[in-house]
């Protein structure tokens, strides 16, 4: 299977986890395949909560109801991709810039199902640059603090998040303890959040491989 075929396969497999209630939906190319597959069974769910404006637009284009997170309770499941994921279910996310809303929706969900092709499975996080969402006026301060943590932050030029903030992509971080690093970066004044999903990692990984979809659970 090609990488895109793997993404389509895991997206279809993830639909089995959307049995009813309100579903949280992630952002990115793999999540887009999930939205397309979800459209075929939209009658069995009550609605969705989107993690970005782009996701909301795609859901609505399929006639799938998009709800405000503040108007609903706990979500049944959150389905999203990852830029990297380990066998311990810690992830780097945010390549598409939606990390803050993704992290919020994930925190409000009973179950997190990660869908990815096998190129995203890694032994140690950090080859993919870690996105950090930052209040614009704090950009330089946060960058200096990230250098102290061993990283090389670079501004994502010409990009503004749905929340009106900027993204620093941090290269060359040694992410041996993702839970501790997630906490440390979030404590820097001016950081909204970072793309480490370790404190709230995935519960299920649907991994697309050349031989089909493999399922891993905590």
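Even glycines carry a Cβ here, placed using N, Cα and C.
On a predicted model such as this, the values are computed, not experimentally measured, just so you know.
Here is what Swiss-Prot records for this protein:
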type	residues	note
BINDING	27, 28, 29, 30, 80, 81, 82, 83, 93, 94, 95, 96, 120	substrate binding site
ACT_SITE	102	active site, proton acceptor
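Known features from Swiss-Prot, placed on the structure.
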residue	record	Cβ contacts under 8 Å, 6 or more apart
27	substrate binding site	50, 51, 52, 54, 55, 80, 96, 98, 101, 102
29	substrate binding site	7, 81
82	substrate binding site	91, 92, 93, 114, 116, 120, 197, 202
95	substrate binding site	28, 83, 128, 131, 195
Q | Candidates 93, 120: member of the binding-site residues with the richest Cβ shell (10 Å) | A | 93
Q) For residue 80 (substrate binding site), which DSSP three-state class applies? A) strand
(Q) Taking 10 A as the limit, how many CB atoms besides its own sit near the CB of the residue listed as 'active site, proton acceptor'? (A) 30
Q. Rounded to a whole number, what is the top Cα to Cα distance in Å among the residues the record ties to substrate, namely 27, 28, 29, 30, 80, 81, 82, 83, 93, 94, 95, 96, 120?
A. 16
Q | In three-state DSSP terms, the structure that residue 93 (substrate binding site) belongs to | A | coil
Q. Within 8 Å of the centroid of the Cβ atoms of 27, 28, 29, 30, 80, 81, 82, 83, 93, 94, 95, 96, 120, which other residues of that chain place their own Cβ, given that this set defines the recorded substrate site?
A. 26, 31, 116
Q: Quick one: give me the count of other CB atoms within 10 A of the CB of residue 80 (substrate binding site).
A: 29
